[in-house]
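Engineer: Got a structure for you, written out below as structure tokens; questions coming shortly.
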Amino acid sequence: MSLQMVTVGNNIALIQPGFSLMNFDGQIFFFGQKGWPKRSCPTGVFHFDVKHNHLKMKPAVFSKDSCYLPPLRYPAICTFKGNLESEKNQYIIHGGKTPNNELSDKIYVMSIVCKNNKKVTFRCTEKDLVGDVPEARYGHSIDVVYSRGKSMGVIFGGRSYMPSTQRTTEKWNSVADCLPHVFLVDFEFGCATSYVLPELQDGLSFHVSIAKNDTVYILGGHSLANNIRPANLYRIKVDLPLGSPAVNFTVLPGGISVSSAILTQTNSDEFVIVGGYQLENQKRMVCNIVTLEDNKIKISEMETPDWTPDIKHSKIWFGNNMGNGSIFLGIPGDHKQAVSEAFYFYMLKCCDNDVNEDQKTLTNSQTSTEDPGDSTPFEDSEEFCFSAEAYSFDGDDEFDTYNENDEEDESVTGYWITCCPTCDVDINTWVPFYSTELNKPAMIYCSHGDGHWVHAQCMDLAEPTLIHLSEGSNKYYCNEHVQIARALQTPKRAIPLKKPPMKSVRKKGSGKVLTPSKKSFFRRLFD
């Protein structure tokens with residue numbers, strides 16, 4: 001194993017815990033930034049170009065027929081090989097968190113529609129599911145199994161927010177393990193079926209999963225209900241006959257106790273497990289090698305890398321599988337220094353052998369760790385899952401430039417803000433006020449100065465007024481700035497009315513000039 005520090009030339013602020021990597025024919029792409037994509041890169045997907053231990057991130061583009069892919073953090077992701085040549089390499093993305101900390105229950109399919117030496121164009125499509133649709137979650141796994149010439153997706157584990165009926169003021173954003181069910185998803189017809197496992201009584205998340213042919217192996221994980229990391233080793237075997245699928249679940253001996261580990265593939269039947277946690281506040285520095293042969297799995301310890309002092313002493317770490325036995329690692333920066341980056345990054349190479357491109361073995365795992373801005377360190381609640389098979393690649397510098405200064409400060413943006421001195425919208429106690437609100441408060445844009453967002457409820461707007469303002473294009477000013485706006489407004493300049501010239505007459509025997517009204521009066525008087 002070799003460990004090298006990686007410098008980031010630009011957009012380093014985008015690389016936060018929870019990002020994902022995808023590899024398409026030797027080119028790696030990044031998505032899952034913490035904030036919403038900006039105008040300079042509306043897709044939020046970047047080419048992840050590493051050369052000579054230097055990383056450059058360049059915006060990617062999507063085809064016009066693509067759906068919108070939000071910057072999901074901690075989703076479940078895996079590769080999928082379809083029957084058509086154009087579908088040779090696709091990525092399935094399920095679940096994850098949006099920048100507003102909302103959970104997604106959608107499935108997206110990412111593929112390439114155009115590729116040349118300068119640019120890759122993606123197509124993203126959303127799959128509608130029917131049947132036993134898995135609830136929105138994160139920290140879970142998704143894999144693809146192949147049996148009898150057919151394929152099926154397998155979703156397992158994860159966490160979700162507690163039902164609203166069980167939430168309290170103190171635990172409004174509390175999460176709970178999802179039920180320990182196995183979901184089979186038919187990507188062609190969009191059908192999902194849930195299977196109850198009698199052997200599993202507690203939920204599980206942030207585990208490592210390895211899929212080969214018709215079998216998925218589940219290793220480690222964390223049970224939130226019991227706050228333990230049991231030495232799990234499960235085997236899920238899926239048979240896909242002409243009728244209903246058959247799911248066989250087996251508990252195997254020889255598991256490992258770890259959560260949020262990173263998995264990389266070194267050859268067709270061999271994998272390396274790096275990182276993760278063995279306790280809530282203790283990183284797992286041991287590495288394991290996993291071998292799959294003849295429907296058997298073997299796990300053993302291997303030589304660990306020469307960890308640097310910074311890595312050894314850091315309380316959290318996170319990363320991604322870059323494929324070909326390489327792992328991308330990040331640790332928090334040293335904030336004691338006057339000038340310090342938020343994170344430092346390393347490249348860990350576990351082997352020098354190439355992985356067979358046509359292999360059907362897919363890897364998937366939840367990486368470490370935490371999003372320091374969302375919850376306390378050491379928890380698994382901010383971990384994510386990924387799957388990528390990468391090869392050496394040659395990037396190209398002919399990409400648009402992303403301006404990271406466009407990124408907004410998330411501490412003052414979003415729905416959970418203090419919009420005025422009397423703002424009473426609290427993330428811990430907020431309940432819907434308008435009928436149009438689902439899981440976030442309605443907001444309206446004040447046009448004063450550079451503009452800012454305010455809560456419609458805090459502005460005492462009636463719902464019909466809010467709907468009327470949202471449908472029109474008129475400018476709106478909040479309660480604090482409406483008087484300033486009125487003072488700045490000047491009356492519109494009225495166009496003077498054009499009056500027809502009055503014809504005058506002279507009274508007989510007099511030198512006086514009469515107006516038309518007087519003319520009519522005297523005419524009646526003397527007639």
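Just so you know, glycine gets a Cβ as well, placed from its N, Cα and C.
The following feature annotations were taken from TrEMBL:
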- 361-380: region 'Disordered' (REGION)
- 361-370: compositional bias 'Polar residues' (COMPBIAS)
- 371-380: compositional bias 'Acidic residues' (COMPBIAS)
- 414-491: domain 'Recombination activating protein 2 PHD' (DOMAIN)
- CYS419, CYS423, HIS455, CYS458: Zn(2+) 1 binding site (BINDING)
- CYS446, HIS452, CYS478, HIS481: Zn(2+) 2 binding site (BINDING)
Engineer: For the Zn(2+) 2 site given as CYS446, HIS452, CYS478, HIS481, which other residues of the same chain have their Cβ within 8 Å of the site's Cβ centre?
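Structural biologist: The surrounding set, listed in chain order, is TYR445, SER447, HIS448, GLY449, GLY451, VAL454, TYR476, TYR477, GLU480.
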Engineer: In the domain 'Recombination activating protein 2 PHD' (414-491), how many residues does DSSP put in helix, strand and coil?
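Structural biologist: DSSP composition of the domain 'Recombination activating protein 2 PHD' (414-491): 16 helix, 8 strand, 54 coil.
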Engineer: Which whole-number value in Å describes the distance between the Cα atoms of CYS478 (Zn(2+) 2 binding site) and CYS423 (Zn(2+) 1 binding site)?
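Structural biologist: That separation, Cα to Cα, works out to 12 Å.
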Engineer: Would you list the other residues of this chain near Zn(2+) 1 - those whose C-beta lies within 8 angstroms of the C-beta centroid of CYS419, CYS423, HIS455, CYS458 - in sequence order?
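Structural biologist: Sorted by sequence, the hits are ILE417, THR418, CYS420, THR422, ASP424, VAL425, PRO441, VAL454, GLN457, MET459.
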Engineer: Using a Cβ cut-off under 8 Å and a sequence separation of 6 or more, which residues in the same chain sit near CYS419 (Zn(2+) 1 binding site)?
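Structural biologist: Result: VAL425, MET443, HIS452, TRP453, VAL454, HIS455, CYS458, CYS478.
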Engineer: Roughly how many angstrom lie between the C-alpha atoms of HIS481 (Zn(2+) 2 binding site) and CYS423 (Zn(2+) 1 binding site)?
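Structural biologist: The Cα atom of HIS481 (Zn(2+) 2 binding site) is 15 Å away from the Cα atom of CYS423 (Zn(2+) 1 binding site).
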Engineer: Could you state the whole-number distance in Å separating the C-alpha atoms of CYS446 (Zn(2+) 2 binding site) and CYS423 (Zn(2+) 1 binding site)?
Structural biologist: 15
Engineer: Below 8 Å Cβ to Cβ and six or more residues apart, same chain only. Which residues does that give for CYS423 (Zn(2+) 1 binding site)?
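Structural biologist: The list for CYS423 (Zn(2+) 1 binding site) reads ILE417, HIS455, CYS458, given in order along the sequence.
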Engineer: I need the most crowded of these binding-site residues: HIS455, HIS481. Count other C-beta atoms within 10 angstroms of each C-beta and give me the top one.
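Structural biologist: Answer by Cβ density within 10 Å: HIS455.
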